[in-house]
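Following: one structure in structure tokens, then a few remarks.
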């Protein structure tokens, strides 16, 4: 049976050997070049392929059409993936009549994603395993073909558990590969409600936070012990690594991080104490705990810290350009609620952020991004995270002022992106659901949906393509120059402070604000082309919580990701939105101050937006990336959002001239 194999690591070598032993004909092997910054303790797939006389390749992007075509020419009957680190596109998976199968190092559906070996130890699990499953578009989500359980002993560390998983893999493949070859397998669908997903880990994720229980810190040490980079802490500015440890149920009133004793080297934790059995100071040699204490100059009562002393208390500096806007002011409120952020903001007005102007950790300058370029460059260099939220994002402006949309939304933001590249700063960039354009997918997917727009003579698309091109530029900078980025795509966020009624009076606002103005002034609610277009409306609080988690970036899971932020359950047409808003308006305690409802009026889009407008019939997000990267899902019902948004705007109206 002819196969093409994607493989890396020890598991890749085991998979190749098992396939050959089972009589498979391997036409080609795809692997990775070794990362010089990674300690290579595992077998080389490339060396094994060369020794066995099998063609081997390590392309940067195996999903490129040229590679898809070359793989198609090999006519594989079945495809296997053993610890290959990149997702394989559906075009390749569909090439094999018998299907494609992946080996994953956990008991799926638990611990989907990256580094399951380390994560199960971090989380103190007592059991894991290996799973062979059918490959589908979504990572690690296909039907299970075979599983083998592996017990995790209390003294297991990452390398011993790795060896156990290798042994289990050998057994699993010996039992299963002949059955696949003869088409005699039983597949069991994964239970999505039991699925968990974890992102990649980096060495920086393994710092020891002494306020946590000793058992949690011990599990961290086990999870990243040699040959992994190791768990670490600091004495002042001196970094040291803990290679092995023990938990002591030591009852102590000492502050977490305090040295309780030198021999053995015991450190007070949030619960219990951790004995450092072996460790290493800086880039030195490994030594036992009491010698490490001497090397570090520790005495009883010394304090350890999770970060270098000079930076331990510095707040994360967040630069928000467009801080007075809808997203900017709500995000500022969320960040200042915590005690570890310093917010720097620029905007042309300050009405929405006036409540923060006296906050000690909020720094605001009134200005225009097209003029204050030196201020912006200085603060990009100064800050840790940059959010360029300035954009023209109201549909009527796309046809009314297309060049201004391009100049602000594309040209000005490109300059900021290049500052982030220059100073190696993390950028969180607001893409838009508009980039999907007229995509026909039921759910718009960040990684697979096509981005489809209308012809050039429809200037309505200038906003969409400006944002899309910036998405592609940012992605390219990430791939080629190491820019740390996350793209987020809001789907019709709404809530208090979305535009204002004055903007709505000139047509320069989003849908709900325009509808509220119609109710306030007693003018007909205009339904563009009948108002049948469907959108998924998202409460600003849900959206901001997701954005806050992107900024937090737990485990660096958001790096290099595109994340839709929307509520697929809150789908409604513009007509339905208007009806819900009207019902809420009629029940509001301030209703008697406003004129009678003037009814709905159907108007053509060309008469409202002008020549060159096209609309989109539906726009529903897939939020699988938000689940995976943020552990987030929206919670707030659309009716609650409508009620609160309406209430906010009605209470901003001057009622002195209104009838009572």
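Note that Cβ sites are derived from N, Cα and C of the backbone, with glycine treated the same way.
Of the residues 339, 347, 351, Swiss-Prot puts just one in the NAD(+) site with 368, 369: 347. Record check: Swiss-Prot places 86, 87, 88, 136, 137, 138, 139, 140 at the (6R)-10-formyltetrahydrofolate site, and the matching candidate among 52, 114, 170 is 114. In sequence order, 619 are the recorded positions from 86, 88, 347, 368, 369, 619 with a C-alpha within 10 Å of the C-alpha of residue 433 (UDP-alpha-D-glucuronate binding site). Fewest Cβ neighbours within 10 Å among the binding-site residues 136, 369, 393: that distinction goes to 136. Annotation for residue 88 ((6R)-10-formyltetrahydrofolate binding site): spatial neighbours 6, 62, 63, 79, 81, 100, 135, criterion Cβ-Cβ under 8 Å with sequence separation of six or more. Of all the recorded positions listed here (86, 104, 619), it is 86 whose C-beta has the fewest other C-beta atoms within 10 angstroms.
Ranking the recorded positions 138, 434, 529 by the distance of their Cα atoms from the Cα of residue 368 (NAD(+) binding site) places 434 first. The average pLDDT the prediction assigns to the region 'Formyltransferase ArnAFT' (1-304) is 94. Comparing Cα positions, residue 104 (active site, proton donor) lies closest to 136 out of the recorded positions 136, 434, 526, 619.
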